[in-house]
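Taking it in order: structure first as structure tokens, then the write-up.
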Amino acid sequence: MALEKSLVLLPLLVLILLVLGWVQPSLGKESRAKKFQRQHMDSGSSPNSNSTYCNQMMRRRNMTQGRCKPVNTFVHEPLVDVQNVCFQEKVTCKNGQGNCYKSNSSMHITDCRLTHGSRYPNCAYRTSTKERHIIVACEGSPYVPVHFDASVEDST
């Protein structure tokens with residue numbers, strides 16, 4: 001009797017373990033929108049021309065693990081303002097896609113560029129603060145930024 005129950009429960013247990021093994025990796029995966037926020041949003045601080053800002057932020061935001069990310073931009077505006085860019089001027093992305101949008105107004109940003117000769121694991125960045133229009137790629141529901149495409153100067 002106990003053996004029969006075990007034989008019935010064993011396939012069920014195997015099925016549950018297979019489903020958990022298939023679902024679990026996707027549970028911990030960062031969404032593109034969350035990745036955008038981690039890599040590009042720094043709403044809580046004002047633009048900082050401190051020369052160590054990029055070195056600290058690139059490490060803190062996990063962009064120097066396994067390699068040095070060559071270029072990154074942080075936006076110092078409220079998240080809702082950056083999300084609203086997805087409903088502003090539509091432009092073509094650098095890769096030719098049609099899901100990019102340019103901000104109507106300039107935003108405070110910090111550009112981080114890997115310094116010449118800098119090599120992993122000693123990633124060193126040049127910090128420069130600017131006021132620029134940003135261009136972001138948007139997707140999803142809700143429609144939100146998932147990629148920082150560029151920053152451009154005011155054309156006036």
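Note that Cβ sites are derived from N, Cα and C of the backbone, with glycine treated the same way.
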Per Swiss-Prot, K35, R38, K69, P70, V71, N72, T73, K94 bind substrate; matching candidate in R59, R113, R119:
R113
Check Swiss-Prot and name the cysteine among C112, C123 that pairs with C68 in a disulfide.
C123
Simplified to three states, DSSP reports C86 (disulfide bond) as helix
Mind giving me a neighbour count for C100 (disulfide bond)? Other Cβ atoms within 10 Å of its Cβ, every protein chain shown.
23
When the Cα-Cα distance from C100 (disulfide bond) is computed for each of the recorded positions C54, V71, C138, which gives the smallest value?
C138
Run through K35, C68, T73 for me and report the recorded positions whose CA is within 10 Å of the CA of H147 (active site, proton donor), in sequence order.
K35
